[in-house]
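Below you'll find the structure, written out as structure tokens, and then a few comments.
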Amino acid sequence: DWLPWSLLLLSLTCDTGAFYVPGVAPINFHQNDPVEIKAVKLTSSRTQLPYEYYSLPFCQPNKITYKAENLGEVLRGDRIVNTPFQVLMNSEKKCEVLCGQSNKPVTLTVEQSRLVAERISEDYYVHLIADNLPVATRLELYSNRDGDDKKKEKDVQFEHGYRLGFTDVNKIYLHNHLSFILYYHREDLEEDREHTYRVVRFEVIPQSIRLEDLKADEKSSCTLPEGTNSSPQEIDPSKENQLYFTYSVHWEESDIKWASRWDTYLTMSDVQIHWFSIINSVVVVFFLSGILSMIIIRTLRKDIANYNKEDDIEDTMEESGWKLVHGDVFRPPQYPMILSSLLGSGIQLFCMILIVIFVAMLGMLSPSSRGALMTTACFLFMFMGVFGGFSAGRLYRTLKGHRWKKGAFCTATLYPGVVFGICFVLNCFIWGKHSSGAVPFPTMVALLCMWFGISLPLVYLGYYFGFRKQPYDNPVRTNQIPRQIPEQRWYMNRFVGILMAGILPFGAMFIELFFIFSAIWENQFYYLFGFLFLVFIILVVSCSQISIVMDYRWWWRNFLVSGGSAFYVLVYAIFYFVNKLDIVEFIPSLLYFGYTALMVLSFWLLTGTIGFYAAYMFVRKIYAAVKID
């Protein structure tokens, strides 16, 4: 049954790039209509601290207006603002001075020069948008496999944003001239009507040209130096620097339709690795799952038949195997309130992630609607409190718990409280750095109001109904006196269990994890939600099957061991930090490991919950199948 489903999902992934957000209409431009260029932020994968555009001394328009932002944009550190670039549809500009008169270039003070030099040495990129399309820098890589110069293949890749500047032999240079290349698609109309155009790509070639080589006149137009005989614009951090900020605009017609204009940005990574790894994961997981299922089902079938036969033949025979522990298997564990609270949060996370990935797979949360993914995730987590509360309340009652109000409060505050606490501490450090990634105080208050005004009441509501509902019926009675536990073999150790149980789910998803990490830490777009949905299903299957192979003091142990793949995620995050990221400072490292801790905690809750419920259903099923006096 799996094959048709997986093929359907894979076919859905093929179209994700060209899918467009319902409700987002294209903007039609006429000849010489203004195309507004806005700035989003400055980012660096070395510092992980975004800054707003005007934190550096760029040319400013007469009136600075910030775009109203959604929750996701604020949390990502986007601060979308207008810029003084004058771009008209299908109208060329050879070279124009952005600010400062022809005889009066821009002067950067020593402090400004030092700040610009620092940002350039920290590898900052500038992100601009035109008609909601982010700017990209074209990189042409030559893959010369045969060693023959004539057969060089040009491999074009795109980089998000453009580099603020570059360093060369301990000197720092600023990109002060931007050559914008915009591509338009001409819309077909009736003969009498005027043509309309749509922006389908936005590229930039940044250049560094020193003040002496740029010739400017009174009308703010300038002349670029011929050929390669110009020198770059150096920024000396120890003194004032004079320079021009200039730009040019070039338009080209393109065959790309408006609906697929994001494809350029989304096909930046090699998709073949993706296909190969996903198919590989699917095959490995189904193969292992198949073996696991066969062993469990065959062993159990034989055991159940034997036990039931023994009962018929001779009731006095000694009980053996897993039937031995039937009187202890449903004994309530220690700390039932905390266990049920964590599992409630796990259910809340599971519902949120499932819906977000599914909606994103249908193309509703494409990268063109900035911040939509994060906003949706936040609100969904709040509203899923009903389901989290219900499952926690019912489980708490099953575990013979009585204090339902305290249990509901614990469910509503334990996991969100840890998340909020870690985020608040990290936010204080980001505030100290004056980064736009710091969540503003009003947003923080709004999030707290959502937590206590939406999530908490919904968890209480769900918990109340869950606690009133009939508890899960366990098929066997629990003995009064707990059974003595013999000495355990080394491989029954909890930590060994975590290590062994984590390999299979982690193996199914670690390539996808690489792409997600790249999206978060290296400013890439992540959009392969069809793949992600498939991986999520594989993860659920593998966690469920791994958790079933456990012993009978199983409540807490199962929850911990099923989340074993979170341990591997942590190890992978450390590996990624050491090998892929060039982070050296304390605060960026703290941010990386703080957010990684949140990801690992959430992942452990998610996988632990999936494993726990799978094992609980399984244990109830097998004990119900055996005749027990």
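Placement of Cβ uses the backbone N, Cα and C atoms for every residue, glycine included.
TrEMBL annotations:
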type     : residues : note
SIGNAL   : 1-18     : signal peptide
TRANSMEM : 275-297  : transmembrane segment
TRANSMEM : 341-365  : transmembrane segment
TRANSMEM : 371-396  : transmembrane segment
TRANSMEM : 408-432  : transmembrane segment
TRANSMEM : 444-467  : transmembrane segment
TRANSMEM : 495-520  : transmembrane segment
TRANSMEM : 526-547  : transmembrane segment
TRANSMEM : 559-578  : transmembrane segment
TRANSMEM : 590-619  : transmembrane segment
Cβ-based contact of the transmembrane segment (559-578) with the transmembrane segment (495-520), 3 or more pairs under 8 Å:
yes
The transmembrane segment (526-547) in contact with the transmembrane segment (371-396), cutoff 8 A, at least 3 CB pairs, sep 6+
no
Of the listed stretches 275-297, 371-396, 408-432, 590-619, which one has the most C-beta pairs under 8 A with the transmembrane segment (495-520)?
275-297
Other parts of the chain folded back onto the transmembrane segment (590-619), taken as Cβ under 8 Å at six or more residues beyond its ends:
48-49, 329-330, 342-343, 345-347, 349-350, 353, 415, 418-419, 422-423, 425-426, 429-430, 472, 501, 505, 520-521, 539-540, 543-548, 550, 554-555, 558-566, 569-570, 573, 577, 581, 583
